[in-house]
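K.L.:
Structure below; questions to follow.
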Amino acid sequence: MKTTILLVILGLTLLFALSAATELKDEERDCKGFQVKCKKDSECCSSYVCGSQWKWCVYPSPFGR
């Protein structure tokens, strides 16, 4: 009986953690991912920049702009 209650509480905690992680992921969907057309850096997700030549969201150059 005690084990069953403990497993139910553990399951509910796991569901709560997964739903919170899903909500955080939804907030980031407004940004554009890798090789998607962009006009400025703010449109791209945090790990990308808007490339100056082709205007795609790409990884930033290690050598600067």
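FYI, residue positions are counted from 1 along the chain as it appears here.
Even glycines carry a Cβ here, placed using N, Cα and C.
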K.L.:
CYS45, CYS50: which one closes the disulfide with CYS38 in Swiss-Prot?
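P.N.:
Going by Swiss-Prot, CYS38 is disulfide-bonded to CYS50.
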K.L.:
Write down the Cα-Cα distance for CYS45 (disulfide bond) and CYS57 (disulfide bond), rounded and given in Å.
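P.N.:
Approximately 8 Å lies between the Cα of CYS57 (disulfide bond) and that of CYS45 (disulfide bond).
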